Amino acid sequence: MGIKHCCYILYFTLALVTLLQPVRSAEDLQEILPVNETRRLTTSGAYNIIDGCWRGKADWAENRKALADCAQGFGKGTVGGKDGDIYTVTSELDDDVANPKEGTLRFGAAQNRPLWIIFERDMVIRLDKEMVVNSDKTIDGRGAKVEIINAGFTLNGVKNVIIHNINMHDVKVNPGGLIKSNDGPAAPRAGSDGDAISISGSSQIWIDHCSLSKSVDGLVDAKLGTTRLTVSNSLFTQHQFVLLFGAGDENIEDRGMLATVAFNTFTDNVDQRMPRCRHGFFQVVNNNYDKWGSYAIGGSASPTILSQGNRFCAPDERSKKNVLGRHGEAAAESMKWNWRTNKDVLENGAIFVASGVDPVLTPEQSAGMIPAEPGESALSLTSSAGVLSCQPGAPC
């Protein structure tokens, strides 16, 4: 009787330990999921948690909107134009920014209603001036080679936007003028400063599988109250100021910013700001940094930066080995900022001088965290960064 009683205690103890065991990564999932679920994770043809949601499916072209369920990080829940119609871009022209014709990208992006925007064929779209993207939009370049040049996208006071599989490069400073930004008449706008994607006062934004390079100012600038942003699976090359999160040290509205930088590759003559953060809370997870010019990750105004599972391969110059760039404060003060490293891999002499303490996360912060894989996995997790070549009837 006593032996039977002890067996019951042991059984329930083991069951309780199993239930309480945290699930942190794909490896953990493989240990506890049934065999068929484990097989689905490892044979989908994907390399990370976002791509695993959709890339292994040959019917993606018939089910494009399934992508809307795949965002992770602080942009999780961004569904773009899922609840709207499919809008097909049939013309690469942008010759009337005040009254764009139906069939152009600018016409679709400005509409007040939700739209899932796709492209009829390969296109090089030379935007004459900045293109304003309204709320509840998906710009989905899968199935075509879509290049945006000369001017970039502006997201101002909007929510729920997905930008996916778009190549943006050679964005220049452009003058203002009357520009269509919604269903109403065109309104005057100031000139744009050469950002590929400029985001202000917006939320629920997801940029995924884009290739961005060679613009005058930033490739992605997010500021002035923007939050719930994920930049993932993208390729950043040939640029000085890559990602800016936060307008200025004096802009305290950015204290509430939550942003995720995940599964991206930074390479081929990128200099700095990958990202540069002010105020706010940032997870930088499982990215591949293949050399830099000035620094990789930087900031000022006491942001919290959690660097997890990244690969940092430093440049060859001995003076450029530091991963981090601290700005705006004396060294003693900046070493109080919570800039933490976990599971990162440092190569070619890279140096990461952590500071502060591991912060206690709020429920909102915890909910947006992506489980970090070891930095040794960063190369495989980012091997498909940038635009994908997707053909209907086959997995991307």
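Yeah, the Cβs are placed from backbone N, Cα and C, and that goes for glycine too.
What Swiss-Prot lists as signal peptide is 1-25, and the listing cites sequence analysis.
Residues annotated as N-linked glycosylation site in Swiss-Prot: N36.
Contacts of C70 (disulfide bond) defined by a Cβ separation under 8 A and a same-chain sequence distance of 6+ are given as I50, C53, W54, in order along the sequence. As annotated by Swiss-Prot, disulfide bond applies to C53-C70, with the evidence given as similarity to another entry.
The Cβ of D193 (Ca(2+) binding site) has V173, V216, D217 as same-chain neighbours under 8 Å, each 6 or more residues away in sequence. Per Swiss-Prot, Ca(2+) binding site is recorded for D193, D217, D221.
Same-chain residues at least 6 positions away in sequence with a Cβ under 8 Å from that of R273 (active site) are, in sequence order, G218, F241, V242, L243, L244, G298. Feature annotation from Swiss-Prot assigns active site to R273; the stated evidence is sequence analysis.
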Most crowded position, judged by CB atoms within 10 A, among D217, D221 as binding-site residues: D221
Collapsed DSSP category at D217 (Ca(2+) binding site): coil
Reduced DSSP assignment, C53 (disulfide bond): helix
For the Ca(2+) site built from D193, D217, D221, further residues of that chain with CB within 8 A of the site's CB center: S192, G194, D195, S198, S215, V216, G218, F241, L244
Count of other CB atoms lying within 10 Å of the CB belonging to C53 (disulfide bond): 17
